[in-house]
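Engineer: Feature table excerpt (TrEMBL):
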type	residues	note
TRANSMEM	77-97	transmembrane segment
TRANSMEM	103-128	transmembrane segment
TRANSMEM	140-163	transmembrane segment
TRANSMEM	183-200	transmembrane segment
TRANSMEM	207-224	transmembrane segment
TRANSMEM	244-264	transmembrane segment
TRANSMEM	276-296	transmembrane segment
TRANSMEM	308-332	transmembrane segment
TRANSMEM	339-359	transmembrane segment
TRANSMEM	365-383	transmembrane segment
């Protein structure tokens, strides 16, 4: 009996090994075929035949391409993970710091410090690109910023708007629940799209217009709930809050975000200046404008208590998340696409909502779920790529005539 079992086991092992060998052969076949197709695509249009040495170099290039594709894939998902983490953590941390009893820090100082950190970070990035050569970096900044004052002053407009927008974000998150703020702030997609149509003369597809309507409807549904003042009061903590002030601040911030984003894109595409230099210009003007706003709004309090009054590690976390958020988005735009970016935004909304339930006792009801669902669907629909236009076939002329 035992001999029979051993024989059966041996047969099974033999078949498994044969199956494994077959899989290896199939894998090798498809790898060879894929690399051959890639090589043929690269050599299309070449007039000269390659030598054996060139063939060997081509194989090495294909291996490098495979490794580069793997690196690109890793960077794509790492950047998406960082974007989800940054979006959810920023709003939750901002809300937490503005929802604590006792001494409260001046939000205008946080905005000013954030702009300074952004500028400093971009300077270090340029220094890294110039391999630590301070002389070359100084010449670059002198030639692009100081010697071109008119071009530099163009950036003052979006810098002013972004600085005001960041201050409005603090007002919004101080007066709205985390989930409500996160969903309502997606109205910036609507304002950005409208500014693109008006300022850049871009056209939107039918699905994108439908997405914008869904987005507006979803935000509107969330804003009309809850109608019961007692339920609304349940979302208000021990700190003084004003729902209308918070809502207006978010709406104005979304309008500013759309205009400033499109204006800055127009500046970037209208010149060959590096995006890091542009961000340094933004940070420079943002810091100066932030200083003016800080003095005008909280000058007396800062003179009495100090600029960093009531700063905690969480406040510094807010500054860091805001400063490096733009860099994270830049990486996502480079290595991912709009669909994955929309997915990351949607996941961050869900995470923020779940966290708000446990951290801030946020009450989720059917209306909020419906509105948030419409907003998330709109994000996916708006980021979906346009279908490629079909070229007219040779038998069918483009003008729809008979072909005679």
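Including glycine, each Cβ sits where the backbone N, Cα and C put it.
Keep in mind that TrEMBL annotations are predicted by a computer and have not been checked by a curator.
Where in this structure would I find these features, and how exposed are they?
Structural biologist: Outside the transmembrane segment (103-128) by six or more residues, the chain places 97, 134, 137, 140-141, 163, 166-167, 170-171, 174, 274, 276-277, 279-280, 282-284, 286-287, 290-291, 293-294, 297-298, 301-302, 307-312, 315, 318-320, 322-324, 326-327 with a CB less than 8 A from a CB of the stretch.
Listed by sequence, the residues of this chain that lie at least six past the ends of the transmembrane segment (140-163) yet keep a Cβ under 8 A from its Cβ atoms are 111, 115, 126, 130, 256, 259-261, 263-264, 267, 271, 273-274, 277-278, 280-286, 289-290, 293.
Residues 75, 79-80, 82-83, 86-87, 89-90, 93-94, 96-97, 102-106, 109-110, 113-114, 117-118, 121, 166, 275, 279, 301-302, 340-341, 344 of the same chain, all 6+ positions outside the transmembrane segment (308-332), place their C-beta atoms under 8 angstroms from a C-beta of that stretch.
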Engineer: Going through 77-97, 183-200, 244-264, 276-296 one by one, which has the most CB pairs that fall under 8 Å from the transmembrane segment (207-224)?
Structural biologist: 183-200
Engineer: What else in the chain is close to the transmembrane segment (244-264), if you only count residues 6 or more beyond its ends and a Cβ gap under 8 Å?
Structural biologist: 155, 157-158, 161-162, 164-165, 168-169, 171-176, 181, 184-185, 187-188, 190-196, 199-200, 223, 278, 282
